[in-house]
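A.B. asks: Encoded as structure tokens, here's the structure I'll be asking about.
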Amino acid sequence: MNLPIEQYADLLAEKAKNLTALLAPFNPPELEVFESETGHFRMRAEFRVWHDTNEVGENELYHIMFDQETKQRYCVEQFPIANHLINKMMSSLLAEIKGNELLTRKLFQVDYLSTLSGEIAVSMLYHKKLNEEWQAEAAALKARLEHQGFKVQIIGRATKQKIALDRDYVEEVLPVDGRNLIYRQVENSFTQPNAKMNIKMLEWARSCTRHSSGDLLELYCGNGNFSIALAENFRKVLATEISKSSVQSAQYNIEQNGIDNLQIIRMSAEEFTQAMNGVREFNRLKGIDLKAYDCNTIFVDPPRAGLDQDTLNMVQAYERILYISCNPYTLAENLRQLSLTHRIERAALFDQFPYTHHVESGVWLIRK
């Protein structure tokens, strides 16, 4: 698999041109463009596993992917968009499990989650129930990989079953504006795939909100990626998240980073909108006085569908809106309404996904 590195600048320029055109009706300032590294930038990778027999009758294993157009499978020995740690682990893992019936039988997928801090989680997915014998072999595998110098976690998954030998997460350390921020990242949960671009996003968001007054509300906070980085720019931060594992990670990350002004609530953005509007009462909000928060800034990082109408109406009531988008088309759709009351103070393109059409962007909106 070869990357068209020589085309990177032109591909990024095309993304910037298209995003500029989408935002043009809303009179934004000049687009800030943050370029990615051209290779080994991705911290996660997932591969199907192909089982074959060589000419002398030995079982062979391969990482494979599928061509998006032809749907044909192809073998992946090295994966140049993934960071060096994943590439090193890919070859080491297959070499270590080759010929081991307990570890390879009905293994159909391997997921890798790595960090800039040097940790990696390897999740092995099976079409069979995992027993104590598998666990013993997996523990021996972990020890052999650690002997090679890997800081590795091994997780086995099957239908309605998950076995983490030690833990099911890695700990990332991101240098943001001169401070190291610690983030627990759980396997099979959402994390930003391009860690160095994530740092640029966090620093951009911090620079937008640097002289803010009052409190911050964040919807869809995940493991606290943004809210932890932004907390020192505000008096208090209130954040919502629906995923139980993400909330648990966020609580851990808050403690590890010494944040004392950030409260996480486990509820959806839609539910929080109902609570704010007094439509419903929620037991999860007992002990939390929403009236004690003076949230005049709101941060949203919605899914590809953008903000639903009720949330959009709620967001529009805030003086300042920081909107991170993974879909520029739904961002532009949402801006049709938001631009009636707010102006774009800053706009940015973050090239999270080089060599693809995907565009991550951000706008900083101030009430007119």
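Start at 1 and count along the chain as shown; that gives each residue its number.
A Cβ is built for glycine as well, from the same backbone N, Cα and C atoms used for every other residue.
This is the feature table in Swiss-Prot:
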- CYS326: active site, nucleophile (ACT_SITE)
- GLU360: active site, proton acceptor (ACT_SITE)
- GLN192, TYR220, ASN225, GLU241, ASP301: S-adenosyl-L-methionine binding site (BINDING)
A.B. asks: Write down the Cα-Cα distance for the residue listed as 'active site, nucleophile' and TYR220 (S-adenosyl-L-methionine binding site), rounded and given in Å.
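C.D. replies: Counting only the Cα atoms, the answer is 13 Å.
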A.B. asks: The residue listed as 'active site, proton acceptor' to the residue listed as 'active site, nucleophile': how many Å between their Cα atoms?
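C.D. replies: Answer for this pair: 5 Å between alpha carbons.
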A.B. asks: To which of the binding-site residues GLN192, ASN225 does the lowest count of other Cβ atoms within 10 Å belong?
C.D. replies: GLN192
A.B. asks: With the S-adenosyl-L-methionine site defined by the record as GLN192, TYR220, ASN225, GLU241, ASP301, how many Å span the farthest pair of C-alpha atoms?
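C.D. replies: Across GLN192, TYR220, ASN225, GLU241, ASP301, the two farthest Cα atoms sit 16 Å apart.
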A.B. asks: I'd like the number of other C-beta atoms within 10 A of the C-beta of the residue listed as 'active site, nucleophile', please.
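C.D. replies: For the residue listed as 'active site, nucleophile', the count of other Cβ atoms within 10 Å is 18.
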A.B. asks: Among the binding-site residues ASN225, GLU241, ASP301, whose Cα is within 10 A of the Cα of the residue listed as 'active site, nucleophile'?
C.D. replies: ASP301
A.B. asks: Please state whether DSSP places GLU241 (S-adenosyl-L-methionine binding site) in a helix, a strand or coil.
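C.D. replies: Reduced to three states, the DSSP call for GLU241 (S-adenosyl-L-methionine binding site) is strand.
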A.B. asks: Just to be sure I understand the packing, how many Cβ atoms besides its own are within 10 Å of the Cβ of the residue listed as 'active site, proton acceptor'?
C.D. replies: 24
A.B. asks: Counting other Cβ atoms within 10 Å of each Cβ, which of the binding-site residues GLU241, ASP301 scores lowest?
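C.D. replies: Counting other Cβ atoms within 10 Å of each of the binding-site residues GLU241, ASP301, the minimum falls on ASP301.
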